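Working notes, beginning with the structure itself.
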Amino acid sequence: MALLFLLPLVMQGVSRAEMGTADLGPSSVPTPTNVTIESYNMNPIVYWEYQIMPQVPVFTVEVKNYGVKNSEWIDACINISHHYCNISDHVGDPSNSLWVRVKARVGQKESAYAKSEEFAVCRDGKIGPPKLDIRKEEKQIMIDIFHPSVFVNGDEQEVDYDPETTCYIRVYNVYVRMNGSEIQYKILTQKEDDCDEIQCQLAIPVSSLNSQYCVSAEGVLHVWGVTTEKSKEVCITIFNSSIKGSLWIPVVAALLLFLVLSLVFICFYIKKINPLKEKSIILPKSLISVVRSATLETKPESKYVSLITSYQPFSLEKEVVCEEPLSPATVPGMHTEDNPGKVEHTEELSSITEVVTTEENIPDVVPGSHLTPIERESSSPLSSNQSEPGSIALNSYHSRNCSESDHSRNGFDTDSSCLESHSSLSDSEFPPNNKGEIKTEGQELITVIKAPTSFGYDKPHVLVDLLVDDSGKESLIGYRPTEDSKEFS
């Protein structure tokens, strides 16, 4: 009876166990799809796809290498939520084949494994382009080719070119393009003279100057003839040094010419827009009235005529009036009527005086002067009348008044003393009855000179002796221009 009672309980437990096993079967959780392996620079990565689930699924990736003893599935990634796995750490020989399988787990349920196809890193993977450097040395172009960087067991390193392995770059194809034409060169990595663990080097002779060289390269693997990606072109232009130097000459000349023309144009433009203006001179207040009176005053144009005459020495009672000669003359001695024997008269006193006439008015002579004027008659009609346009009066005269005294001059004893004075004279100073008239002998008109109409500090002048007209009222001192100033008149 007890056995009959226990039998139904055992049957119920077995049925429940079978039902639980059916729930955990492969058909209960979807399997991953499109499991693929991609490798770039020997860095293999597994990718897969999975449908959207209410719960977030997790994945497990296993790798199996071909040719390994006791080859088994090795866990590469466990319980990851993303849809890729890097298996570079679990790859032995890059040239050998490998397989990958992936399963999903949702909650407590797992899916079946999804397997990939056979994959070899060296055969099916991609390798990036090598790096290039180009330079010119003397008459050659040096090309440096650096091995592409790869990942081996998770470490970045250059591609193995050891011939003992089956996955290495055996040769580099170098493409040189010059002036549109392309030439291909090959570099064997097994030659120690050309390559080392880091780079390979190629020397190309320069065939023509003033040309552009563009270089690109790609590597070829030893296994299955797989090629790397082709590098970008690196260009260099070769110039002839002599031609390059000569090209600077016209460039510099053109630049200098442009600068000069620019400066000239700028100066001309500034001068045209902003012409130079005379700066006004600010005078002090004390000079303003003087400048105004000088600019407003009008002066008539003067005319100057010079008359050259000669005369003989003369004497007065107890008084001798001497005139300053114009030209150098030797006066060894003079005597008066009182002392005729004291000094011997060795030479006749001679001088040349000039009559200077002008149209200006004659100023008055300061009264009170005791100087005796000297009068001369002139045969020229220019000096006959004071009111005519040919008459001139100067404001000063130069005379020497001599009186009897014991005085020696120029080495000769004489009883007369001379007083030299400069003063301004007027008509009222000399009464007509007190003036002594002195006649000149041998008056002769030599030349008539028209003096320049203007004098200034820039014109040379010479002081001349006194002149008197027929009336004997004026005693004048004048200036005449020298021979050099006549050229400017």
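Placement of Cβ uses the backbone N, Cα and C atoms for every residue, glycine included.
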Candidate annotated as phosphotyrosine in Swiss-Prot, where the set is Tyr66, Tyr113, Tyr185, Tyr457: Tyr457
Residue among Cys167, Cys195, Cys235 that, according to Swiss-Prot, closes a disulfide with Cys214: Cys235
Annotation match for N-linked glycosylation site in Swiss-Prot, from Asn34, Asn401: Asn34
Position flagged as N-linked glycosylation site [Swiss-Prot], chosen from Asn86, Asn385: Asn86
Secondary structure of Cys214 (disulfide bond) (DSSP, helix/strand/coil): strand
Asn34, Asn79, Asn86, Asn179 as glycosylation sites, winner by CB count within 10 A: Asn86
Cβ neighbours of Cys85 (disulfide bond) where a neighbour is any other Cβ within 10 Å: 23
Disulfide-bonded residues: Cys77, Cys200, Cys214, Cys235 - member with fewest neighbouring CB atoms within 10 Å: Cys235
Where Asn79 (N-linked glycosylation site) falls in three-state DSSP terms: strand
